[in-house]
């Protein structure tokens, strides 16, 4: 069932188009992650769903009800802020109980529900402390508790883990995922960290310059990016781009170094779409150093990462691509690269869109 | 070590410099009439409460000895001071806090111009607007009324309160009231439940400044009031007897006049220590 729907949502700050024409449905129990570089409009979109920003255009529906004009208090949502926004003058207990007081929940029930949430989060022994006395991980948990206690229609989270150190972030990621499975709450989560997105999301919404670039499962956005932006943004390092000139079916593509390569499936695609200038997108792990590969180049540098080596290989003057190789031995000098074509993507160089 | 001693001496000198006038006034208020004029000044003397007793009309018969005619007018005027300074402080701080919140949180059209305009009301010396105020107040029937002085002091302090409070509220992260609004409260409730407790130290600092300004104000109180609403500062200055200035009673009046501000400052000093270091509230 549809829980949140955005229809043609736009937001303009002065002359700056922060969010443009965002249309999206989020379904019950789904964990949707908005992913994009800073300034891409993901947080603004989230704040519009919460009612903290008024959209310039478009509509927001929560549980089938149009809420575009409603104040945040009447949308039955919970928001977890980047800096937690715990009230410094209240104890952890009072912080968690705060949303219930707004609803006029009787005192015994407040007690019961706060303790219930504290138990799920493992906060029971900290309830009497004030935020300043808590560690950042525990502050994060109190903020989550404050969100959970009112059983909202949807959880909105704005980079909730970015204030934690790497180790704690890993733990909280697992914790968040566990919570999501345990309480099954619909969640919209904003981050610029693709590892968070990939590891937690049911669906990822990739945004750039105020527009949705792609919506899909982590696997989809990783393996089948719809355009060059998504291809490059997702993955670390991002997808390699190799410019190709389509010569015609049966004749293959010409590389920048003048050599040509063949791949029947790709040729067919380029033929069907009538595209001449293409870009081959291939992730580093789908390239390997081989005795007789399709692409020749020379190794510029090697980054040993323990379980694998990450090579930078120059395949044409100034064109450096990244190659992952799992073998122990280190290659240097001239090498040739084998392409796993089934994992390669083809893009139209003019539009930047994927050709499928 | 040498530095420590030097520092101690410097501090002692500063203290003497600032506290000597206050000591002088307080000592004078307890001195008998001849001791007040003794040269060299007496640091050891037999104290008396006569100046306080006559000031508050507790022993009016003593007052005649100092040439006073009729009752002392100090008690009702001291009360006027408390009412006028108190109410105007509460009003300036309240209005200042609300407007500072608006300036801090909303996109106000022409915000910088408006803020500058508010500040500019403090740029001309009060004496310049003395006569216009007198004419306007006479036309409005506000001469010698409590409300007249309250409005005036509030207006003068408001610019100060707005600027000071804006600094404090800017320091409070927006996310606090946004969190409260998402949690089911209106902006108004969020302001009272979340922002106000955070702004307390700023409010205390602002209140002290407004109170001192309104409490000490002399010029407008002198020209805009005569009897009913006259405050303590002009009336202390006017304590005279038939045989000259009644220094003992003036000193007693000043001492009593000092007390409320001292007490208030002590009450809020916990907040002041934080509030006076503008802009360094720990997040």
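Backbone N, Cα and C define each Cβ position, glycine as well.
What you see is a predicted model, and the numbers here were worked out from it, not measured in a lab.
Per TrEMBL, the listed range annotated as transmembrane segment is B:190-215 (candidates: B:34-59, B:190-215). By number of Cβ pairs under 8 Å, the transmembrane segment (B:9-26) is matched best by B:250-268 from the list B:78-102, B:114-135, B:147-169, B:190-215, B:250-268. Counting Cβ pairs under 8 Å that are 6 or more residues apart, the transmembrane segment (B:190-215) and the transmembrane segment (B:114-135) reach fewer than 3 and are not in contact. Proximity of distant same-chain residues to the transmembrane segment (B:147-169), defined by a Cβ-Cβ separation under 8 Å and at least 6 residues beyond the stretch ends, is recorded for 84-85, 87-89, 91-93, 95-97, 99-101, 103-105, 115, 118-119, 121-122, 126, 133, 137, 195, 199, 201-203, 205-206, 209-210, 213-214, 217, 220-221, 224-225, 229, 231, 275, 278-279, 281.
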